[in-house]
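*Asks:* The structure under discussion is supplied below as structure tokens; questions concerning it will follow.
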Amino acid sequence: MSQPPQQQSRRMAHILSEQKRRENINSGFEELKSIVPSCRGCADSKAVILRKAAHYIQTLENQIQKLKQSNNNCGGPTISTPPNLSSPAMSVKSISSGNYLIHIYMS
């Protein structure tokens, strides 16, 4: 026995919205894989991608803190880290008291 047209329409709308949701999630994971150095070119699971992304963010936060401390200790307005092939390069520039301009880029 087939479903009434209204139920079929609601079911199809649900299927399409779920499909779009999955596509958005997968697109987000692909974007993460392209940003996180240890995920590039790997066929990692979504759980592994999330763990690696969290670790990468923690690493970047630690580097930012070290650069801020280094900047405060030397009194100079700008500190740059040399580009490194295995990690992101960063520069921190003090633009006013307590405000910094932070550049993070991949080499």
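Placement of Cβ uses the backbone N, Cα and C atoms for every residue, glycine included.
So TrEMBL lists the following for this protein:
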type     : residues : note
REGION   : 1-23     : region 'Disordered'
COMPBIAS : 1-10     : compositional bias 'Polar residues'
DOMAIN   : 9-60     : domain 'BHLH'
*Asks:* Over the domain 'BHLH' (9-60), what does the predicted model average in pLDDT?
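*Replies:* For the domain 'BHLH' (9-60), the model's average pLDDT rounds to 92.
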*Asks:* Pull the DSSP breakdown for the compositional bias 'Polar residues' (1-10) and write it out as helix, strand, coil residue counts.
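*Replies:* Its residues divide into 6 helix, 0 strand, 4 coil.
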